[in-house]
Amino acid sequence: MADAALWYWPLDTAGGSVNFVMLLNWTVMILYNYFSAMFVGPGYVPLGWTPEKSQDCMYLQYCKVCQSYKAPRSHHCRKCNRCVMKMDHHCPWINNCCGYQNHASFTLFLLLAPLGCIHASFIFIMTMYTQLYNRISFGWSSVKIDMSAAKRDPRPIIPFGLSAFAASLFALGLALGTTIAVGMLFIIQMKVILTNKTSIESWIEEKAKDRIQYYQTGETFIFPYDMGSKWKNFRQVFTWSGIPEGDGLDWPVRDGCHQYSLTIEQLKQKADKRVRSVRYRAIEDYSGVCCPVTKGVKTFFTTPCTEEPRIALNKGDLILATRGLKHWMYGEKILISAADGGIRERGWFPRKCVEKYQYDSETDQPVDGEKKSK
């Protein structure tokens with residue numbers, strides 16, 4: 001705002017007034033949508049929720065934390081510690097999830113922030129140009145810049161010295177960086193909105209194709225919530241009232257699908273994940289730090305760049321690994337109470353801390369030559 005006043009004083013001309021009002025407009029709209037996304041929240045599945053028909057429970061996953069079934073399109077967020085309706089992702093910048101109730105506000109914030117930063121970048125460039133132009137002296141053999149005061153214009157109401165120039169240049173870099181980074185996020189969000197998906201559901205659809213191709217089942221997975229029209233999909237998120245359609249629990253589906261088409265596919269993927277998981281046993285202790293110094297240079301520098309947690313290991317612990325990288329693995333640590341239906345700790349751990357655990361799948365006992373770890 002200080003640079004806008006320096007470049008185009010708002011009280012003298014209509015153009016300056018319009019420029020200043022537009023800048024205020026961007027600021028208010030960006031902050032309104034930002035705080036709406038933050039404080040309105042995504043909407044949570046009620047604690048203890050069950051479907052109206054008890055037989056439909058067989059199509060749903062059960063959340064032990066919330067003590068309820070996961071409604072269609074909902075997922076449990078470890079950060080919020082609740083099942084979120086139509087969860088897209090957990091955003092650290094709003095310290096909340098993006099989901100059913102705040103998806104529109106979050107997407108509008110992603111649109112307005114780059115537009116406001118483009119306007120701000122133009123103001124920074126024009127301010128620095130005009131202020132430097134009034135302070136440059138051209139000689140026969142040299143060019144001198146005097147930042148103390150303008151040479152031709154009267155002293156400005158807001159002083160523009162070397163520190164102000166440095167601050168404007170730094171702010172220009174931030175504005176351009178925000179335009180690129182947040183603009184890319186907006187494009188990603190619009191792609192999933194126009195197909196009436198979330199980022200998680202796009203991932204589920206990709207895994208469905210991989211599962212069908214791997215097992216050659218001949219199935220055809222059809223995403224049930226795509227209305228077949230980009231405008232209809234757009235209207236599922238953006239409405240004139242600002243309140244999304246529906247209640248976040250029941251959703252309109254396309255012909256040939258039903259309310260639990262996606263949840264049934266999730267159950268199949270969960271079952272496939274259990275079948276393809278590999279049991280490992282810890283042979284070294286691991287404290288659970290993000291970048292362990294004592295586990296090797298390669299392990300230290302190749303730590304997964306993700307918000308997913310790490311799990312601490314003690315020698316002899318059993319882990320079910322579901323995926324992995326060259327030097328890291330992701331899995332679930334089987335606790336002592338796991339046989340009684342207890343919970344499991346999930347997260348990343350260094351590959352060099354574990355070895356494959358040979359056991360009889362029928363008796364769940366170590367094979368000959370292996371010692372029990374518990």
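Just so it is clear, glycine is given a Cβ too, placed from its N, Cα and C backbone atoms.
Sequence annotations record features per position, and here TrEMBL assigns transmembrane segment to 20-45, 108-129, 157-188. Under the heading domain 'SH3', TrEMBL lists 275-359.
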Contact set, same chain, for the transmembrane segment (20-45): CB under 8 Å, 6 or more residues outside the stretch: 1, 4-5, 8, 10, 66, 68, 70-71, 74, 80, 82-87, 91, 94-103, 105-106, 108-109, 112-113, 115-116, 119-120, 123, 248-249
Averaged pLDDT score, the domain 'SH3' (275-359): 84
